[in-house]
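Database features, via TrEMBL:
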- C12, C48, C83: [4Fe-4S] cluster 1 binding site (BINDING)
- C159, C163, C166: [4Fe-4S] cluster 2 binding site (BINDING)
- 3-122: domain 'MTTase N-terminal' (DOMAIN)
- 145-375: domain 'Radical SAM core' (DOMAIN)
- 378-441: domain 'TRAM' (DOMAIN)
Amino acid sequence: MNKTYIIKTYGCQMNENDSEKLSGLLKGMGYTPIQDEAAAGLVIMNTCSVRENADVRVFGNLGVFKHIKATVNPDQIVAVCGCMMQQPEIVRKIKEKYSQVDIVFGTHNLHQFPELLAAHLAGGERIFEIWEDSNTLAEGLPVDRKYPFKSYVTIMNGCNNFCTYCIVPYTRGREVSRLKASILEEVRGLVADGCLEITLLGQNVNSYGNDLKDGTCFSELLYDLDAIPGLERIRFMTSHPKDLGDDVIEAIAHCTHVCPAIHLAIQSGSTRILKAMNRRYTKEAIIELVTKIRTRIPGVAITTDIIVGFPGETEEDFIDTLDVVKACAFDAAFSFLYSIRQGTPAATMADQVPENIKHDRLNRLLDTLHTISADQNRSFQDTEVTVLVEGHSKNNVNRLTGRTVSGKLVNFDGPADCIGKIVTVKITKAKTFSLDGAIAVDFAKCEA
């Protein structure tokens, strides 16, 4: 039996964390990861449904595996999971038109995969097992971490906001928080295993604890994590502007190990469009919040998400977004063209924006964002920063790469022994998207 596997992951950090859990389950079953798609005994596609292009990529790759099974690897098992599989019409399409798919499961029953695989191997039948929702999160799953020195930690799943463009509440379900004690136990175990940095994950981490009804809240979790010996860096994402309260801002300011970095997904700067999106805040509220954050947390990096071309967006609305971007001086932004997601209210809204106008606005937005990013990065010129070294640079394998406490990407020369360590780097060149530098002191002095 061919007990090799490959996992293809689409989408967000939550999916990356889910794929690490699937990999952990498979290694526990005696499977070995490989990179060769055609040779793998098992292929898992962990899908995303946030934008339409992700759907297109998944179906395109399913065609590739149909060819592989028909020509070189007829016994290959193909499994598909993730957010796309929570959409009944997608599951029907796969069942009817993609016979090469052997197993389909969803976001709520990932922990079931070993038994689903065993059932398929025992009977040869196609398996379709999707849970519509779950009011609990599976605990204690093995995780095959990409990096030994940093890790994702999911603290909650789902979303209660129902933004009109977003399908996540329908695919991930309503908000479900993990018990704080379970999170702390997991993080202590990670630190004991050599982990220096964690990133707390949730569709809206600021809502953490609302469903627990015991007074637990996100700021309290940050204080408790900050007290764990040996944990050097605590990151989190994503934050909803309407839910980021003063208590969280104060926690970031006070906690030694909580990184001064906030991903604040504003989506638009137009109050009119924000209302149509059901975001429940205004242009003025965004600017006020960002001003408060920067005042209370000096040196903080604030990044964001922005959607261009939402239905009904006028030139005036777009100018409002540019105004907010300039006023807030975001360090970076993930910017997207609005993508229709069937089943969401925005999909049937009138005044869909033509594609050429969307692209023009996106290009103008990117020009503004890039100018601001370059200005922000120039402030690091000739300064010394601490960097958690993550590995070799993708663009130059002879250089190392890592991130500052505020999340800035730094590339520099140094020995491979630096990987997984926190070192001091002097910035020698500031660029739009990254910083170049050199190790400021002998690595031997940093190693401790």
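Keep in mind that glycine also has a Cβ here, set from the backbone N, Cα and C atoms.
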For this session: Compute the centroid of the Cβ atoms of C12, C48, C83, then list the same-chain residues not in that set whose Cβ lies within 8 Å of it, in sequence order, for the [4Fe-4S] cluster 1 site.
Result: Y10, G11, M14, N15, T47, S49, V50, A54, G82, V168, T171
Exercise. Applying the rule Cβ within 8 Å of the centroid of the Cβ atoms of C159, C163, C166, what extra residues of the same chain belong around the [4Fe-4S] cluster 2 site?
Worked result: N161, F162, Y165, I167, V168, P169, Q203
Exercise. Over all shown protein chains, what is the count of other CB atoms within 10 A of the CB belonging to C166 ([4Fe-4S] cluster 2 binding site)?
Worked result: 22
Seminar exercise, completed: Across the domain 'Radical SAM core' (145-375), the model's average pLDDT, rounded to a whole number, is 96
For this session: Using C-alpha atoms only, work out the spacing between C166 ([4Fe-4S] cluster 2 binding site) and C83 ([4Fe-4S] cluster 1 binding site) and round it to an integer in Å.
Result: 12
Exercise. Could you state the CA-to-CA distance between C159 ([4Fe-4S] cluster 2 binding site) and C12 ([4Fe-4S] cluster 1 binding site) to the nearest Å?
Worked result: 15
